[in-house]
Amino acid sequence: MMAWENQTFDSEFILLGIFDHSPTHIFLFSLVLGIFTVALIENTTMIFLIYLDTQLHTPMYFLLSQLSLMDLMLICTTVPKMAFNYLSGRTTISVTGCATQIFFYASLLSCECFLLTVMAYDRYVAICHPLRYPSLMSLKVRGLMVASCWILGSSDGVIDAAATFSFSYCGSREIAHFFCDFPSLLSHACNDTSTFETLLFICCIVMIVIPVVIIIVSYTRVLLAVIRMGSGEGRHKAFTTCSSHLMVVGMYYGAALFVYIRPTSDHSPTQDKMVSIFYTIFTPMLNPLIYSLRNKEVTRAFMKVLGKGKSG
């Protein structure tokens, strides 16, 4: 195949996607669209519930609303383009579109990594230092924490997008994925990408391993504090809240570690696509369910809004 090292921003990549037009794949595509719709409704509902109900104006729910916003943006970064290409029969994405996807995708993944760490710290302070909680998680403090998550995440997105498109690409323009993911793109690079892979590994240590260690330490101390609690009801409430967060952390970090800690040479396109579907499509749908179904306050707020709607 002809090289296309001197690509311009008029060049296009070919996304091979994950579905063909067989009956089974048409069903799976419809299922993904259904999951996308549910995730869209769930996360939008969570954001509005937390905004509308004054009883949910607490640090924990403020952080939860940010998680829902990130999930909403993450699923909208990949699925609409994939669906458009599948339905229109087109398989291309421009270099600009590809860079935009990489920026938002990498930024939001990083933002969630940092936000989940902040959420673990919030639970640690609430359970281990309840008297200091109002000052340690004041409006200003949590605002700065969330702003830091967005800034650090966006910085990572800029680095990943800029580094990915600093390489020359040759040979096939086909990306064995349903969106522009930089590990899939780097396999087509003409240049030596080992330096970038080292940088990516360091970024993963900062964004994944260090937050995981902080989360483990936080929850170890939380667990010890919960065990010492005299009240059975307090213990149950603490376990319920913390277990919801730990389920989300386990799903999210497990998938991220699998995809990004391995060298590019060890990546299997099929494995990467399957894992990517899990944390870019399934996880944004599951997060609100995990938090809302196990949370009486969210259920109460939802019923309250429904009640107002009916009475109105």
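Just so you know, glycine gets a Cβ as well, placed from its N, Cα and C.
The transmembrane segment annotation in TrEMBL covers 26-52 (among others).
The domain 'G-protein coupled receptors family 1 profile' annotation in TrEMBL covers 42-291. Over the domain 'G-protein coupled receptors family 1 profile' (42-291), the average per-residue pLDDT in this prediction is 83.
Per TrEMBL, the feature transmembrane segment maps to 61-82 (among others). Remote same-chain residues near the transmembrane segment (61-82) are listed as 15, 17-18, 32-33, 36, 39-40, 42-44, 46-47, 50-51, 93, 97, 101, 104-105, 108-109, 111-112, 115-116, 118-119, 122, 142, 146, 149, 178-179, 248, 276, 280-281, 283-285, 287-288, 291, 297 (criterion: CB distance under 8 Å, separation of at least six residues from the stretch ends).
For 102-121 (among others), the entry in TrEMBL reads transmembrane segment.
Among the features that TrEMBL reports, transmembrane segment is placed at 199-226 (among others).
Feature annotation from TrEMBL assigns transmembrane segment to 238-261 (among others).
Residues annotated as transmembrane segment in TrEMBL: 273-293 (among others). Sequence-remote contacts of a segment are chain residues at least 6 beyond its ends whose Cβ falls under 8 Å from one of its Cβ atoms, and for the transmembrane segment (273-293) they are 18, 32, 35-36, 38-39, 42-43, 45-46, 64, 67-68, 71-72, 74-75, 77-79, 105, 176-179, 181, 244, 247-248, 251-252, 255-256, 258-259, 299, 302.
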